[in-house]
Every structure is written in structure tokens, then in C-alpha cells.
Amino acid sequence: GCRPCVHDSYAAALARWRRARAAGNAELLDDRRAQSNNSELNPDSFTAFSLSSVEQLTEDTYQYRFELPGNSSLRLSLGQHIVLRGEVNGLEIQRAYTPISPGNAEGYFDVLIKCYEAGLMSQYIKTWKQGDMVFWRGPFGGFPYQPNKYGELLMVASGTGLAPMLPILQSITENEEDETFVTLVGCFRSFGNIYLKPLLQELARYWNVRIFYVLSQESSLENLPWSYQENTYTGRLNEDLMRTIINSCRRKPFVLVCGSSAFNEDMSRYLKSAGLEENSCFIF
């Protein structure tokens with residue numbers, strides 16, 4: 001569950017050591033020195049990308065767009081994340097984020113970030129201005145998705161855990177040969193906290209996609225737009241509701257889960273109680 005994965009970090013450190021040994025240059029071992037201003041994303045060194053726009057989605061969550069030169073692409077595999085480097089009061093910090101832009105997006109990539117009041121990385125992110133150069137490295141991780149490998153994908157996401165689900169879902173809807181059913185369950189505090197509503201509504205129009213919302217701090221559906229009332233639940237995603245959703249799936253689902261560690265543990269327990277085997281679930 002470490003982000004970035006300790007195995008990825010070890011592999012990156014080992015690659016730096018081998019390059020430093022071959023070059024006879026110990027400075028190449030310093031991760032902070034291993035920064036680049038070229039346009040290629042690299043798992044071993046940080047590359048600077050220009051921040052082109054900021055869009056506030058909710059009271060504490062933002063969509064940041066970064067420029068890529070020409071029509072280049074990050075060329076990420078589905079569900080892969082990248083690591084952001086920041087510095088606050090002389091302290092270096094790193095955090096992993098999953099781009100939400102399609103894997104074939106050209107000339108840019110988008111990242112969904114929730115800023116916390118007391119978060120160290122959030123303090124750094126809040127200083128960003130359009131045109132700032134921000135350092136990223138990667139990619140790491142990912143979900144080895146193959147078209148039509150699963151009858152149905154059940155995606156269960158809490159808050160910004162939506163991020164790794166979107167590229168996978170978009171890859172399915174953009175591929176006319178992929179007939180995988182998708183059920184996405186997004187868990188948010190309230191209707192106002194749902195991210196990217198226009199995009200989610202557009203995706204829900206596809207014949208093989210269903211999207212449900214679970215709103216923990218909403219007590220009634222009456223104040224929601226009518227188009228959301230039928231596919232929204234109030235309260236928390238509990239064991240009974242999870243079982244109901246699984247039973248409504250059109251085919252036996254393979255489950256993707258992304259959220260906080262506590263959320264992931266709860267979902268794993270609910271899935272096991274519903275009779276799904278461990279090899280039928282992937283946790284980001």
C-alpha cells in the first residue's frame with residue numbers, strides 16, 4: 001500500500017546506482033540532483049512541467065493542467081501514478097497522484113488534487129501560479145487492464161480515489177471493440193463534493209456504463225437534481241449496500257478499489273463477505 005511502492009523506489013534507486021557506477025559519478029546517486037528540464041517523464045529523475053491552468057472543482061479540490069511540448073503524451077499505462085516533489089520550510093516532500101486525463105491525451109496532462117488545511121504538500125501546492133514549473137517523476141504502478149478480459153468492472157472510489165478509475169473507464173468507452181460492462185460507485189460527502197460531474201454524466205450515457213453515488217452527509221435525495229435521484233444513495237457505503245450493488249451487476253464483477261487505507265480495508269471486508277475471492281479485486 002505504500003505510495004510510491006517501496007519496490008518501485010528500490011528499483012529506481014538501484015538504476016541510479018548502476019548509472020553512477022558506470023559513469024564513475026557519485027553525484028548521480030543524489031535524487032535531488034537528478035532533476036531534468038527536458039520534456040520526458042522519467043521514473044529515476046524529476047522533470048519540470050509548466051502549470052498551464054487551475055480549475056477549482058469543490059471547496060478543497062482542484063484540477064491542475066500541465067503542458068507537454070508539441071503533441072507529446074505522457075504515455076502512461078492505465079492507472080499509473082506519478083510522484084510530485086515539493087519543498088516546505090526546507091523540508092522535501094513527495095506525494096503520488098494519478099493523472100485523470102486520457103492516456104492518449106496530447107500536449108497536456110491533468111491531475112486531481114485535494115488540498116488539506118494542515119497538509120504539508122497542500123501548503124506547497126497552494127502557492128502554485130499559472131506558468132510555475134513543477135517537478136514530477138514516474139510512472140509507477142498501474143492496473144494491467146486488457147479489453148474484454150473481465151465481464152464487468154465494479155469500480156469503488158472514495159473522493160479523489162476516482163482518479164485512477166477515469167483513464168480505465170475512458171479507455172473502455174473509446175474502444176468500440178471493448179464490450180466490458182462498468183459499474184462505478186463514487187463515494188463523496190455531499191452532492192456539492194462530487195468531482196467532474198459533466199464528465200461523469202457523459203460517461204454514464206454509454207450503453208455499458210452505470211454510475212452510482214453514495215453521499216455520506218446527505219440526509220435526503222429530495223434536494224438533488226432529479227437526474228441524480230435514481231442512482232444516488234445517502235449514508236455510507238456499508239456491507240448491505242455493497243452486496244446490493246454486486247447483485248445488480250450484469251456479469252460477475254472484477255472489483256477495483258481506491259480510497260483511504262481505512263476505506264480500502266472496509267471495502268475488502270465487504271467484498272469478502274459478499275463472496276468475492278481475493279483474486280477478483282485490485283486495490284490501488
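Each Cβ is built from the backbone N, Cα and C atoms, and glycine gets one as well.
Worth saying up front: this structure is predicted, and the values here are computed from it rather than measured.
The following features are taken from TrEMBL:
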| type | residues | note |
| --- | --- | --- |
| DOMAIN | 44-146 | domain 'FAD-binding FR-type' |
| BINDING | R95, Y97, L112, K114, M121, S122 | FAD binding site |
Candidate with the highest Cβ count within 10 Å, taken from the binding-site residues R95, Y97, K114, S122: Y97
Same-chain residues at least 6 apart in sequence whose Cβ lies under 8 Å from M121 (FAD binding site): L84, G86, V88, I93, R95
Residues close to FAD site centre defined by R95, Y97, L112, K114, M121, S122, Cβ within 8 Å: L84, V111, I113, C115, G119, I125, T160
Neighbouring C-beta atoms (10 Å sphere around the C-beta of L112 (FAD binding site)): 22
